[in-house]
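These features come from Swiss-Prot:
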type     : residues  : note
CARBOHYD : ASN117    : N-linked glycosylation site
CARBOHYD : ASN131    : N-linked glycosylation site
CARBOHYD : ASN139    : N-linked glycosylation site
CARBOHYD : ASN240    : N-linked glycosylation site
CARBOHYD : ASN390    : N-linked glycosylation site
CARBOHYD : ASN423    : N-linked glycosylation site
CARBOHYD : ASN460    : N-linked glycosylation site
CARBOHYD : ASN498    : N-linked glycosylation site
CARBOHYD : ASN553    : N-linked glycosylation site
CARBOHYD : ASN645    : N-linked glycosylation site
CARBOHYD : ASN956    : N-linked glycosylation site
CARBOHYD : ASN961    : N-linked glycosylation site
REGION   : 39-120    : region 'N-cap'
REGION   : 971-1024  : region 'C-cap/acidic domain'
REPEAT   : 153-176   : repeat 'LRR 2'
REPEAT   : 251-274   : repeat 'LRR 6'
REPEAT   : 300-324   : repeat 'LRR 8'
REPEAT   : 351-376   : repeat 'LRR 10'
REPEAT   : 399-424   : repeat 'LRR 12'
REPEAT   : 425-449   : repeat 'LRR 13'
REPEAT   : 546-570   : repeat 'LRR 18'
REPEAT   : 623-643   : repeat 'LRR 21'
REPEAT   : 696-713   : repeat 'LRR 24'
REPEAT   : 786-808   : repeat 'LRR 28'
REPEAT   : 877-901   : repeat 'LRR 29'
REPEAT   : 951-970   : repeat 'LRR 32'
SIGNAL   : 1-38      : signal peptide
TOPO_DOM : 39-1024   : topological domain 'Extracellular'
TOPO_DOM : 1046-1077 : topological domain 'Cytoplasmic'
TRANSMEM : 1025-1045 : transmembrane segment
Amino acid sequence: MRTDERRRWWVKPKKHITLVFITITMIIQFQMKGCVSCVETERMGLLQLKSYLKNLVDAEEEEEEGLSILKSWTHHEGDCCRWERVKCSDAINGHVIGLSLDRLVPVAFESQTRSLNLSLLHSFPQLQSLNLSWNWFTNLSDHFLGFKSFGTLDKLTTLDFSHNMFDNSIVPFLNAATSIRSLHLESNYMEGVFPPQELSNMTNLRVLNLKDNSFSFLSSQGLTDFRDLEVLDLSFNGVNDSEASHSLSTAKLKTLDLNFNPLSDFSQLKGLESLQELQVLKLRGNKFNHTLSTHVLKDLKMLQELDLSDNGFTNLDHGRGLEIPTSLQVLDFKRNQLSLTHEGYLGICRLMKLRELDLSSNALTSLPYCLGNLTHLRTLDLSNNQLNGNLSSFVSGLPSVLEYLSLLDNNFDGSFLFNSLVNQTRLTVFKLSSKVGVIQVQTESSWAPLFQLKMLYLSNCSLGSTMLGFLVHQRDLCFVDLSHNKLTGTFPTWLVKNNTRLQTILLSGNSLTKLQLPILVHGLQVLDISSNMIYDSIQEDIGMVFPNLRFMNFSSNHFQGTIPSSIGEMKSLQVLDMSSNGLYGQLPIMFLSGCYSLRVLKLSNNQLQGKIFSKHANLTGLVGLFLDGNNFTGSLEEGLLKSKNLTLLDISDNRFSGMLPLWIGRISRLSYLYMSGNQLKGPFPFLRQSPWVEVMDISHNSFSGSIPRNVNFPSLRELRLQNNEFTGLVPGNLFKAAGLEVLDLRNNNFSGKILNTIDQTSKLRILLLRNNSFQTYIPGKICQLSEVGLLDLSHNQFRGPIPSCFSKMSFGAEQNDRTMSLVADFDFSYITFLPHCQYGSHLNLDDGVRNGYQPKPATVVDFLTKSRYEAYQGDILRYMHGLDLSSNELSGEIPIEIGDLQNIRSLNLSSNRLTGSIPDSISKLKGLESLDLSNNKLDGSIPPALADLNSLGYLNISYNNLSGEIPFKGHLVTFDERSYIGNAHLCGLPTNKNCISQRVPEPPSVSTHAKEEENEEEGNVIDMVWFYWTCAAVYISTSLALFAFLYIDSRWSREWFYRVDLCVHHILQFKRSSVCN
């Protein structure tokens, strides 16, 4: 016993001594690390570098944008190892080994030169990592060492020059950086042949990122100089060389990214078999199509990941089979056109090591039951196809190790039993919805699943009461989407209580009637209950219960009352949408001062009032502000100046008055300005700094005066000035904006000449000049608007002929691939809301809240067609093409070239002085829906071919001098007499005039016919002198007879005068009663 006690006595002190020794060692190391201080020469070098970078930023721009470059780099702070963006070695005299200088300098225009002086880096001989991305440098320079500048940095291994504006001129400088192992040149302006010969000395490269440049050819020398290269990224270039894969051959290459190049044939990849160590091959977004021939991949024995998404494959090679190495673990076929049968699936089902498979966004119709044999499959995405069949049976046969299953947006119908997932013990993500019907989702009430979901998507389904019972067993949910499920009653507070890690809950498009919040504070980040039927007021303590909310959408409900002040406690809130409710009152000061992280604030279509943005406002992060459709009054206050990143401002349809304040021009990033429908007045808004303005809508106000001649909006895309009181000339500078697409000047008093500065590069698609005071000829230069789709020059005083060159204008004839930016006004795609519990995968899965939030609807354009104004927006606007020249003083004939506008849908030439006949070429306008030629001087007959215009929904050729029989056949039988009135010589249906009585027998000879015509003309001559004498005699005779009759018969005379007196009495009595009323 004593021996054991002595042993225990010795062991205890030994343990204590060991702990003490470890503690002392850690303290010494910590103190030594804390004593690290940088070398003085390097400290001074950093200060010189800061000074150089600051000089690249204009002092005024720095002040306005709030830039403060490298604030901690000062003379007062001696230890530069403590400075931001600086990393030092662990030695006592620490050398600078890392500089992270990304995103310091604001965006430069393409015409601006911004040089990086490499000699400033010579002070850091131990530098290992340098990041200068996102600074928009254009070139490198070194007046001391020239191209050999990087040679002094022989420890440099990582260099990041991505997202600048470098071109090939930097290549000789890079060739001296022989120690670099990782080089990033993504998103620059490099082009030509890859790899450039000048890079032959960079033999130590392991990682080379050239994404998003313009390399189009590959050197025949290939990658022989880069023998150790393991990762090569040439995505988003123009690589289309037929010998691409031969040039890329290098023994050690493990990852090859050729995403989004114009490769079109797998035969271009024959040399891939030499890449024996290749593990990752990415060919997304190329131009491969039709059947996939994979025999060129069969020798890649190490291949583990293959990305063939975003191509045009329609099928797999059945003859050879799917010759993909069995080592494959990740296969991505999403966004192709695959329509696989059972035999087509078999090739995939032979890949027994497959762990992740994405077949989403194809044309699949049959369920791939053979996937149940893939015992290692953990990720399966079949979303956005046309799958149908017995869903419960298919799901029950899937591998038990499955973790991720997406069946969103298919053609499933009927019921789905949730307990068919009984074999799935590891399932964490489940997604289900249908495009064609409502899926009845049910489960057994007693079933308790073995899995715990993290993400559940069940949108556009019908959840039974037992299904909600299933959710009670889930305690680890992070993301829940139950939108469009016909849910009723109260907001499911229990779902929030049971899942303490819940970050996102989407309940939009249901029929919830009450919002009841949990009592305890919760970490919820995304809450969407839009488009329900909630009539409550918003609880005052909502900001206390959900202080971590980042996204809050309460729009399209029936909320009443005021906005809670406690929302100001949501310090992380980025998007707040309470539009289309019944909220009233003023904006709380606590809300305006506390939500400094807010980027999107949408309060449209409520009953809010008062003045906005006093000095208390502190919305410094605001990017988009939507206050349209309220009752705000007064003028804008300067509190908005704190929102220096404000990009979109919409205050339309309020009661703002007075002049637009000059300070609004100091919001330098303002790109979208909507102020229509107020009571603003004064001259055209003067924006001092306006390089970014894309959309300006100040219509329906009382602005007056002329537009300054020197107005300059280089980025302008849409300008709306209609329904104001502007006068004077339209400045030519407006048309110099290269991207101008919409110009609406209707209902003003502009005059003078127009369009004198238009050139063939103009992208103008919508030009509306209705109801102004233009009095000139329509200039021929207007035909240079080759992309125009809607043109309205009506209700002016244009004179002269219609230009025949209108046929050169597209009106939809030239549909190019350029997306009409006017379809989507504003996109917050850079604001993402993905939960932290996002499923980990090598696939690019679409998880979380939608990646972009677009709170602004598509552009709306009103255009007169079918005798009424129609509103066109979104994709419909893309296909609407119309020409309106009505109510002018145009003369001459309708040019036959008008028939070349074959995609036009509305043509209005009414109320002019046009003569001649209706050209037969109009019958070529097969897409025409509205034709108005009324109130002109057109003559001749109606072309019979008009009956073949099957799309015509409105026809008006009234009040002309047309003659002959109406071709009442084909589509013209749908129009009644109103389309033809005012043409005295038209006959036939639908009029009541018979054409037979007006027909003249065919003359026997030319001389007889001429004689008949002469006699007819003589017989039709009226002697006007005899006509006047006859009328006078009849009038006098009738008057004498009336007076004699009344004089002779006294009874009739008394009755006559009685009736006259009675009529006068009734008139006087009616007049008195009207005055009294």
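Placed from the backbone N, Cα and C atoms, the Cβ positions cover glycine too.
Closest to ASN956 (N-linked glycosylation site) in space, going by CA atoms and restricting to the glycosylation sites ASN131, ASN240, ASN390, ASN460, ASN553, is ASN460. When Cβ-Cβ distances under 8 Å to the repeat 'LRR 29' (877-901) are tallied for each of 153-176, 399-424, 623-643, 786-808, 951-970, the top count falls to 786-808.
Most Cβ neighbours within 10 Å, among the glycosylation sites ASN117, ASN131, ASN423, ASN553, ASN961: ASN553 holds that distinction in the structure as shown.
Non-local neighbours of the repeat 'LRR 32' (951-970) in the same chain are 865-867, 905, 910, 918, 926-944, 978-991, 995; each lies 6+ residues outside the stretch with a CB under 8 Å from one of its CB atoms. Within 10 Å of the C-beta of ASN139 (N-linked glycosylation site) we count 15 further C-beta atoms, all protein chains included. Looking at ASN553 (N-linked glycosylation site) and ASN460 (N-linked glycosylation site), their Cα atoms lie 19 Å from each other. DSSP places the residues of the repeat 'LRR 32' (951-970) in helix, strand and coil in these numbers: 1 helix, 8 strand, 11 coil. Annotation: ASN117 are the glycosylation sites among ASN117, ASN390, ASN423, ASN460, ASN645 whose CA atoms are within 10 angstroms of the CA of ASN139 (N-linked glycosylation site).
Ranked by Cα separation from ASN460 (N-linked glycosylation site), the glycosylation sites ASN117, ASN240, ASN390, ASN645, ASN961 are led by ASN390. Tertiary proximity for the repeat 'LRR 18' (546-570) is limited to same-chain residues at least six positions away from its ends with a CB under 8 Å from its CB atoms, namely 508, 517, 521-540, 576-595, 602-603, 608, 833, 849, 853. Within the chain carrying the repeat 'LRR 12' (399-424), a Cβ under 8 angstroms from the stretch's Cβ atoms is held by residues 360, 365, 371-372, 374-389, 391-393, 430-444, 447, 449-451, 457, 459, 467, 470, 839, 841, 845, all 6 or more beyond its ends. Mean pLDDT for the region 'N-cap' (39-120) in the predicted structure: 83. With respect to their backbone Cα atoms, ASN961 (N-linked glycosylation site) and ASN390 (N-linked glycosylation site) stand 69 Å from each other.
Note on proximity: among ASN117, ASN240, ASN423, the glycosylation sites of the record, the Cα nearest ASN645 (N-linked glycosylation site) is that of ASN117. Taking H, G and I as helix, E and B as strand and the rest as coil, DSSP gives the repeat 'LRR 6' (251-274) the counts 9 helix, 3 strand, 12 coil.
Long-range contacts of the repeat 'LRR 24' (696-713) within its own chain (CB-CB distance under 8 A, at least 6 residues past either end) are made by residues 652, 673-687, 690, 719-731, 733-734, 736-737, 744. The most densely surrounded of the glycosylation sites ASN240, ASN460, ASN498 is ASN460 (count of other Cβ atoms within 10 A of its Cβ).
Sequence-distant neighbours of the repeat 'LRR 8' (300-324) (same chain, 6+ residues past either end, Cβ-Cβ under 8 Å): 259-260, 272-273, 275-294, 330-340, 343-344, 347-348, 350-351, 358, 842, 844. Counting in whole angstrom, ASN117 (N-linked glycosylation site) lies 59 from ASN498 (N-linked glycosylation site) by their C-alpha atoms.
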